[in-house]
Amino acid sequence: ARHSGPPDGGWGWMIVAGCFLVTICTRAVTRCISIFFVEFQAYFGQDYARTAWIHSIVDCATMLCAPLGSLISNHVSCQVGIMLGGLLASTGLILSSFATSLEHLYLSLGVLTGLGFALCYSPAIAMVGKYFNKRKALAYGIAMSGSGIGTFILAPVVQLLIEQFSWRGALLILGGFVLNLCVCGALMRPISLKEDCKTAPELLEQNYVPETEKQDLKQMSICSPLIKLWPHECLCYCSWKEYDFLLMPGFMVLAVSILFMAYGCSPLFVYLVPYALSVGVSHHQAAFLMSILGVIDIIGNITFGWLTDRRCLKKHRYFCYLFAVGMDGLCCLFLPVLQSFPLLVPFSFTFGYFDGAYVTLIPVMTADVVGTSSLSSALGVVYFLHAIPYLVSPPVAGWLVDTTGSYTASFLLCGFSMIFSSALLCFARLAKKIKRTHLQSLTGNTALKQHIWTNGAIAYSVTAELDQRDVEVLAVDTNSYSNR
């Protein structure tokens, strides 16, 4: 049955549970790869930069292939995509346990495992957005907390597995563990929303189809009857419709900020353990720092999700997100002066909390910008944008460590990158408010509620509640109003 809107409950809580397990098996396992860093470096006798490529490639492959996960989810099945991803990720980890060189690990642990994670991650997150609206931030907070809980549990467990069975045995056991992704995939029951299949007149208002065809399409669905009449044109149009949010100014700004945010956050998860070891912290204490970061990440996920669902903060999610990113940037700037375990513990608390906070709000903000119907495709693009920073930043940080002999330059670069990401969003919001005020003053009536104007045979409506698309429409309306 087709739902008029997200049900905000019911089977949706099972979807949250499935997404929770997916984030444990993908993001938490990826974070724990940093615990293998020292083992790989010692076994293969390589420098920081070459060893860091392992973590970079798995992160990059996960995000670079995120649109592929969305494509399979949209056109085949979310369940099939996640199950296939689980099999690929498990195979990659098992093959990595037989590695004889870093190049072998680049392909198996990096490319194959990363591809498997990509097929699981964004489709699972998008499914939560389809089942929740009013409690969306809370649902995402619970689902995304799997990353923190998984890190808290897996970090010491992986350290014990390495001590008991060597890094090869630990990778083999992790390969069996991520097969649980197949179970998660089985939970992802699809849901059909009315906004997922709009009528042709609603979809053709933006002039993506020639004018001569519009009159014939007005009474048709975008589904099978249309495909039979114009198979090639309709398929091209439908493909474009899935990604038309790419032209939205709000999404463009969010995309650029994510590039800088992703560059800043990635190296810390790779180098926190090696940095702690370099300042005299024991192996178990270093792994415990990752556990602290993970468990506080959970608190950030859930509390920020709950708080931003409250009426007083729901309209200010944008500023909550940029505040969390900026605070993580400040934490990175102070990290080089923290050179003992008692000082590193508060860092793990603070960085972990705000990391969980902004990670929870990424899909919420994306949904607020593009809407629920385009959420899966938009999340695929958002996580795709993480790919290049995730690929480049750990090796660059490793090169800086090899060159300077310390971690200071690496952590400062990470901190300033995240602060710039936050500042960019802040300036973009201020510019938008100034532009909106200017446009309203041009109309000569700030209490304007609605104008109707026509373009051919199609009527458009502009309300006082403006978003990214409404600003462009109002600009056109202002020109016609002033020419009268």
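Easy rule for this one: first residue shown is 1, then count along the chain.
Backbone N, Cα and C define each Cβ position, glycine as well.
According to TrEMBL:
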| type | residues | note |
| --- | --- | --- |
| DOMAIN | 11-433 | domain 'Major facilitator superfamily (MFS) profile' |
| TRANSMEM | 12-30 | transmembrane segment |
| TRANSMEM | 80-99 | transmembrane segment |
| TRANSMEM | 105-126 | transmembrane segment |
| TRANSMEM | 138-162 | transmembrane segment |
| TRANSMEM | 168-188 | transmembrane segment |
| TRANSMEM | 251-274 | transmembrane segment |
| TRANSMEM | 286-307 | transmembrane segment |
| TRANSMEM | 319-338 | transmembrane segment |
| TRANSMEM | 344-366 | transmembrane segment |
| TRANSMEM | 378-401 | transmembrane segment |
| TRANSMEM | 407-428 | transmembrane segment |
Look at every Cβ pair spanning the transmembrane segment (80-99) and the transmembrane segment (168-188), keep those 6 or more apart in sequence, and say whether at least 3 of them are under 8 Å.
yes
With pairs closer than 6 in sequence left out, are the transmembrane segment (378-401) and the transmembrane segment (168-188) joined by 3 or more CB pairs under 8 Å?
no
Three or more CB pairs closer than 8 Å, sequence separation of 6 or more: does that hold for the transmembrane segment (407-428) against the transmembrane segment (344-366)?
no
Among 251-274, 286-307, 344-366, 378-401, which stretch has the most Cβ pairs under 8 Å to the transmembrane segment (138-162)?
286-307
Going through 251-274, 286-307, 344-366 one by one, which has the most CB pairs that fall under 8 Å from the transmembrane segment (378-401)?
251-274
